[in-house]
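*Asks:* Here it is: the structure, laid out below.
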Amino acid sequence: MHRENKSSVQLIHLLGFKIDPTFKFLIMLLILIVYIFSLAGNLMITVLVHLSRNLKHPMFFFLSHLSLCDIILSTNIVPNMLHVIQCEGVTIPFAACMTQFLFFGTAVASECLLLTVMSYDRYLAICNPLRYTSIMNSQLRFWLVILCWFSSFIVSFVAVIMMNTLEFCGQSTIDNFFCDFWPIIKLSCSDTSALEMEQTLIGIPVTLIPVGFICVTYIHIFITILRMSSSSGRQKAFSTCSSHLTVVCIFFGTMVANYVVPSSGNLLNTNKLVSLFYTVVTPLLNPIVYSLRNLEIQSHPLLF
């Protein structure tokens, strides 16, 4: 019986969006254009940071890994999403669904932790500038990035392992355009309370602690800026953290809107649109925000 249950969901059907055929090609073209620009922008930042001697500042090192997160996130979701829209729903192997969730979870968790590390970097630069270089040395920022990627992968991998221990039977349809955690476990006919508790316990340090840490660091940053005597100094200090703060608000705002707001009833289509925003649009906004607000990137000779 157990094998019959497992074999009945060897395939997962993704419903995607209900789109008027008249606008389907236009919407696919728009998503493709956004994806291409997003990929180009994040690749540009990654290449510039690794090739240019003028962009060896710790902030740019973290920014390059943030861009790598966006590349993985959008590339993992968008090509298959376009296929789902074109075919008005597709069927994929259960293993492919798990793999997509693994990469999705790793990229999202890594971005969350990297934004936290970047807030610490801004805190040191503004609140403790004399010791900034000695504290945020190459060894520390290397290990911080390794910790972000490794812990994010482990969290997602543990979730995948636990989901594979569940029994799945009957319905094998996900009303979304990609494989996310909650839609997957809703397909299970076994008790998922332990897995839900595990995800909650892991989700607290991965999301709530970073949000709290970012809030505390920016409280100190704003207090330090307000205490500065010169207006030019305050303006310069604020400009060094405004890009990061903008990206933090966009990223965490969309994540909260998607995972805190219930995904039942009439809100399901809203959650799909929010998911579309942070998997397609947000990866494009990050390089735009940092490029427009950063003179070092704007004036780089490789851009001309």
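Positions of Cβ are set from backbone N, Cα and C atoms, glycine also.
Curation plays no part in TrEMBL annotations; they are all automatic predictions.
These figures come from a predicted structure and were not determined experimentally.
Pulled these from TrEMBL:
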type	residues	note
TRANSMEM	25-48	transmembrane segment
DOMAIN	41-290	domain 'G-protein coupled receptors family 1 profile'
TRANSMEM	60-78	transmembrane segment
TRANSMEM	98-120	transmembrane segment
TRANSMEM	140-163	transmembrane segment
TRANSMEM	202-226	transmembrane segment
TRANSMEM	238-261	transmembrane segment
TRANSMEM	273-292	transmembrane segment
*Asks:* So, do the transmembrane segment (273-292) and the transmembrane segment (25-48) meet, by the test of 3 or more Cβ pairs under 8 Å (sequence gap 6 or more)?
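*Replies:* They do touch: at least three Cβ pairs between the two stretches lie under 8 Å.
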*Asks:* Please indicate, using numbers and ranges, the residues of the same chain that are 6 or more beyond the transmembrane segment (98-120) and have a C-beta under 8 Å from a C-beta there.
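*Replies:* Long-range Cβ neighbours of the transmembrane segment (98-120): 59, 62-63, 65-66, 69-70, 72-73, 76-77, 80, 144-145, 147-149, 151-153, 155-157, 159-160, 163-164, 178-181, 184, 206-207, 210, 213-214, 217-218, 244, 247-248, 251-252, 255.
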*Asks:* So which of 25-48, 60-78, 140-163, 202-226 is most in touch with the transmembrane segment (238-261), counting Cβ pairs under 8 Å?
*Replies:* 202-226
*Asks:* Report, as numbers and ranges, which residues of the same chain sit near the transmembrane segment (60-78): CB under 8 Å and 6 or more residues beyond its ends.
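*Replies:* Apart from its flanks, the transmembrane segment (60-78) reaches 31-32, 35, 38-39, 41-43, 45-46, 49-50, 100, 103-104, 106-108, 110-111, 114-115, 117-118, 121, 141, 144-145, 148-149, 177-178, 247, 279-280, 282-283, 286-287, 290, 296.
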*Asks:* What is the average pLDDT across the domain 'G-protein coupled receptors family 1 profile' (41-290)?
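*Replies:* On average, pLDDT over the domain 'G-protein coupled receptors family 1 profile' (41-290) sits at 85.
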*Asks:* Mind checking which residues reach the transmembrane segment (140-163)? Cβ under 8 Å, same chain, six or more beyond either end.
*Replies:* 58, 61-62, 65, 98, 101-102, 104-110, 112-114, 117, 121, 181, 184-185, 194-195, 198-199, 202, 206
